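Peer 1: Following this message is one structure expressed as structure tokens.
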């Protein structure tokens, strides 16, 4: 990792000065508590002397005049040690009170500076790190981004830099302060009395060890690991919820999830036990130390007279304080360690020199550019996949002013060639030249300013249309923008929008349709007035109408520029000047459309294939890619909208949380008992402690010894008791909490599986979000029950017992001290709030900056292509101003809170001891009781603070519980229970006027009055372009959704009234991307029927029907072969066959085939097709297909468009009609 001091490498001399000053303050502040002990010790001595004197004066023969004690007969009384001075206790106490106030004020000032200076310095450095880091990322070459995910970069910018911040801010000063207390505590001890110090030092490592162990025991990482297995199950099930629902596997999955929860539960119980043991050990050791120290100390006071009672106290507490502070300094080390780890990745990036630096000013700028581009033997690998050769000695010449088209199968290096022209990458061998100059010698920003690019999925930024076009060239006027928009055929649709050019396009351009985004992107490319225009499949993602419009715009734009166009649809490139055919990273042929057709090479095959409509798939793939990208933007957009809506959950009532924990009441009772005993330990300590001080003023030595020994034995008893009660509390609550967590997880998971499919479409309920909800919410709820109750019982007994003791012995003094109680409690709460509260405010302040950075990183290629990096860097730096100001303000607020919390206790002591002195003097109160009352109340105060410090957990727990209950209470719109069943299911299907929109996209009408019916045993085939509602009709039949209007009838019964499990048990489905589970092949096939156990012979029979058996027998493990996550160990054809076997095992009356063969190559397709024909026998079947060859033998073919059937009949009938279907078959136009 990074060395600790290297974390400060961005500190200026001013920052260093601030930190040194803050460090000094912390050092001196650390000495305050030991200093207070000196005063405390002196004060104890004063009280003891006074008490002895009172006892002397109790002798009727003595009197006190002028503070000198005389015998009545006039001679001067001499004490055993020859002092003759009597005490004016009030005057003494006033002096001590001033000492205390002085220390208190000093502490206030010191701790304010200590915290605020460090936080300020850290804020300045972190601001600098953020700027440097982001600027450096924006300078990196594209290859670096290929190897680093943007999500990871975003977390680094936020979380990792926050970790560095934690490691160089207030933690440092607190660490310095604690270490300083540790050193000064020992010094006070040694000054007071070295023998006792050495005895206590001998045992203090045990205390330090216990405190250290406590910090370690908090590690929850293992718990999450233990949950990981169950989490993986949940993730797998939720990601493939449609398959689970279709095959009725809900109960089976819930069972499997629950089995995997056992491990997490056991580990949790273990953790509770360990924490209990450690806590018990800690308290036990502390009390045993008390016993030892007081016993040996009293020997030194009474027998050898080496120590005064005051110095005994001073030594003992000095060492105790030192040991505790050393223990508390260890959490700081944790923050330092995680800061160093986080800094490693960040500093590595900052120190990395980009291979292609877009900010550099070097390189030539040519005076005149023609636009001749040439590739000379270029070989290239992507840095992220060095083993795949993309370009292989590519040599191509693109003449200026001509339109050159690159064609070829996917992965043949066309897009890569375009990216090399933009110099996103440097070629491995060979070179790319512009007008004969190697582009590596040209200035990057200037080179990119010559190039306009329109990509397949244009990226727009979340601002207005005009701004988006302006990104093309800095400082363009509105006229230029309008002109570019007109050239791009975008002007008319922009003027139709209500805000015209000021319309916001939404995140990632989400508010615009594909065609509109494409035209805005073209306008953005044209406004640059580029010499070179690169069109990377600029129209492939569009439907035919928009394609024509965009194509026209592109044809306008190409005039007089060097244009390189990549396309899959050959219709778009017939009119190019030169067509270059690519294959395996080489240019294998060039010429015009007619020349190349004559050559019968690659181009010829592509053209003929397309005419048969088999290039559909590659177009399909491109399309689906576009949709996915769009969808992920949609998710991002939804996410940001979500954050607001999530917070509105009302906290759940505690009573309801406890209801779920009812079966564990014996554990809870035991735990509370333990907690009660633990709470009373501190007040008992107050009694014993003051009793010892009292023992020193007993004049008879033997009585004094026996008293002290008795007290030491009591200490030992308390020690042993507290060990057992702490253990009891930890174990009982750990167990009850873990059982609750498991129960809630299981119930939550079952509730999720009960929901209708539409619920999962909501981005809030994506599989990722749901699994995290199961993982974290359930374990957070624990915070509201077990340990929380323990904490509350503990604090309440502690406070109650302390107050009872205090008021019993002296109500006047107790009242005075109680006045300070709220302040002490407040300071405890403050410290808790400081740790939690500021973190959230920081996060909010960083959010806007985070948006800028994530938008920039997600669209880095577009930004690089437009050479707009510096603009985003400036924007980001502007966004950082607000959080920086907030951080500076925080430094001050935080400092004051901290200072207040630190000095309250000193003020309390000052007031109480002064008044205690008054009471001792005027009302004859025994000084022992003064100590007893004060320590009892102060102890209850700290307990109060502790109780309040647990509230953040508690609030979180209630919100988490509310989220879970919302889930448990939600009534699914399509319920699993109830409904009709009947004998003799035939499988007649009828759709009557179905209208439907997806709940997550209510504005898009998918089905628009669908009417179609199938007789039992017939095969119905749906064809039509994508998005016309083919798959939707299948989902309505499975009853994943209900139609908004109209009905789906099965055997004449409306689906709404049929029992869902019954309906689904009659349907088998094979989808385009079959979902397999991470278990063996045999288990995957058995999944077809979850209502019974499927025997192995049935599995084999089904596998034979699906042409799968021979393949399986060739595997070493046969049916026991694991298929891997999502079936990754198998090829697509094999997965498809397993899915078919799974559907056959179900023995359904209705078989649904959703593009079951579209993803396969020709070989596997033949086999799968044969398997499907076998499976269709004697069943009602609905087929959706893109390849027309697969559906020619269907009984009814229905052609769909925009949610209605436009024509239906057999293949022959429809061909005779010469309408839509005929067109599809003959032109081979992609059906999708």
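Just so you know, glycine gets a Cβ as well, placed from its N, Cα and C.
In TrEMBL, annotation is done automatically, which means it is predicted and not curated.
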Peer 1: Examine the ranges 172-192, 235-255, 340-360 and name the one recorded by TrEMBL as transmembrane segment.
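Peer 2: It is 172-192 that TrEMBL annotates as transmembrane segment.
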Peer 1: Select from 132-153, 198-219, 374-395 the stretch of residues annotated by TrEMBL as transmembrane segment.
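Peer 2: Range annotated as transmembrane segment by TrEMBL: 198-219.
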Peer 1: For the transmembrane segment (893-912) against the transmembrane segment (97-121), do we get 3 or more Cβ-Cβ pairs below 8 Å once near-sequence pairs (under 6 apart) are dropped?
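Peer 2: Contact confirmed: at least 3 Cβ pairs fall under 8 Å.
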Peer 1: Which stretch, 274-295, 307-326, 708-728, 924-944, tops the Cβ pairs under 8 Å count with the transmembrane segment (17-43)?
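Peer 2: Answer is 307-326, with the largest number of Cβ pairs below 8 Å.
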Peer 1: What else in the chain is close to the transmembrane segment (97-121), if you only count residues 6 or more beyond its ends and a Cβ gap under 8 Å?
Peer 2: 11, 15, 18-19, 21-23, 25-26, 28-29, 32, 35-36, 39, 168-170, 172-173, 176-177, 887-888, 890-892, 894-896, 898-900, 902-903, 906-907, 909-911, 913-914
Peer 1: Relative to the transmembrane segment (274-295), which of 172-192, 307-326, 708-728, 924-944 accounts for the most Cβ pairs at distances under 8 Å?
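Peer 2: When the Cβ pairs under 8 Å are tallied, 708-728 comes out ahead.
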Peer 1: Are there residues at least 6 beyond the ends of the transmembrane segment (307-326) whose Cβ is under 8 Å from a Cβ of it, and what are they?
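Peer 2: For the transmembrane segment (307-326), the sequence-distant neighbours (Cβ-Cβ under 8 Å, at least 6 residues beyond its ends) are 33-34, 37-38, 40-46, 48, 178-179, 181-189, 192-193, 196-197, 200-201, 204-205, 207-208, 211, 286, 289-290, 293-294, 297-298, 300-301, 693, 696.
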Peer 1: Grab the same-chain neighbours of the transmembrane segment (172-192) for me: Cβ-Cβ under 8 Å, and only residues 6 or more beyond its ends, written as numbers and ranges.
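Peer 2: Contacts with the transmembrane segment (172-192): 19, 22-23, 25-31, 33-35, 37-38, 41, 111, 114-115, 117-118, 200-201, 307, 311-312, 314-315, 318-323, 325-326, 328-329, 332-333, 336.
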